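Participant: Sharing the feature lines straight out of TrEMBL:
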DOMAIN    23-62  domain 'Leucine-rich repeat-containing N-terminal plant-type'
SIGNAL    1-20  signal peptide
Amino acid sequence: MAIFPALIAALAMLVPVASACSAADRDALLSIRAALLEEHLGVFSSWTGADCCAGWYGVACDPTDGRVADLTLRGEAEDAVMAPAGRPASGVMSGYISDAVCRLDRLSSLVLADWKQISGPVPACVATSLPYLRILELPGNRLSGGIPPAVGSLSGLAVLNLADNLLSGAIPGTLTSLAALKHLDLANNRLTGRVPPDMGKLSMLSRALLGRNRLSGPVPASVASMPRLADLDLSENQLTGLIPEGLGGSGRVLTSLYLGANRLSGRIPASLLRNTGLGMLNLSRNALDGAVPDVFTPQSYFMLLDLSRNRLTGGVPRSLASAAYVGHLDLSHNRLCGTIPAGPPFDHLDAESFASNACLCGGPLGKCTACVQVSEAKDDLSRE
């Protein structure tokens, strides 16, 4: 019977045992904690004892060597610590992000999100001292200063989310070296300068959210060639020039495009409205002109189509009547003229969708006058 204890001991040697927390990593975590203040939820109350890999809230370690691999602290969460009563909590944390975070040089994920009052800069060393970083999320705080210029050296970075802060300065040109980047969110900051012209190099990128900044210059032509780009938001900036031809063209996977509240001019590319996968399109509050391309098909499915507050001329595209679905349509505050086509989707839209145009009529706007009908007839003859 003595064979069984020996066998059990031998098998135990084959089972990997989780390593205790690295002493250096524990010291770094305590320095990070010392720079932050959270008084109400007790987020750091579990950060006691020698082993930071055992029950420290938001800390996860590599079981093979005890190095800290993930630090995730979200100000809005539904777990037991943040929501002890079962209701999602919204926490507030102040202080700053200590440079000690860069001593956690095996970090794969760094998330300090939605704490509202964390201020100061993004530590520059994050871009140079964390070679394994795949996820960097610091949104919903009061971080200021610029994006670290060396961010492009984080070769494995897949998610970069610095949205809803007070960041300023230009988007670093090195950012387009992030070959693994899939999600980029820099929205609602104070960023200036141009969108990097070689954005198209980010061939893995599926979401680029840069809205609500102070960016200027053109929409880079290279974005039209990005094979995996599904969501692009450049709204509420100061962008000028034309919408790139081919954006959302054949073979692209673009599903949402927000370019509203800029200073864009020229015509709407037909490829955008012909794209059967594009379901959310907002080009409002620009200086776009010319006719709305009449290229809709039975496969067109728009949950949102907002072309309002431009300088568009011509009539309401008749092919819109063939679209599979148009949920919200806004063509108001343009220079359109003519009769609004009958039938769906026009029969469920209200007058506000067509208000403040040159001489639109029919549908929710009421009967057309003779002068409008004569104008339409002249347009038909000119097309012939």
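A Cβ is built for glycine as well, from the same backbone N, Cα and C atoms used for every other residue.
Source: prediction; values computed, not measured.
In terms of burial and nearby residues, how do these features look in this structure?
Facilitator: Here the domain 'Leucine-rich repeat-containing N-terminal plant-type' (23-62) has Cβ contacts under 8 Å with residues 68-73, 81-82, 89, 91-98, 100-101, 103-104, 106, 115, 118 of the same chain, all six or more residues outside its ends.
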Participant: Using DSSP, break the domain 'Leucine-rich repeat-containing N-terminal plant-type' (23-62) down into helix, strand and coil residues and give each count.
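Facilitator: The breakdown for the domain 'Leucine-rich repeat-containing N-terminal plant-type' (23-62) reads 12 helix, 5 strand, 23 coil.
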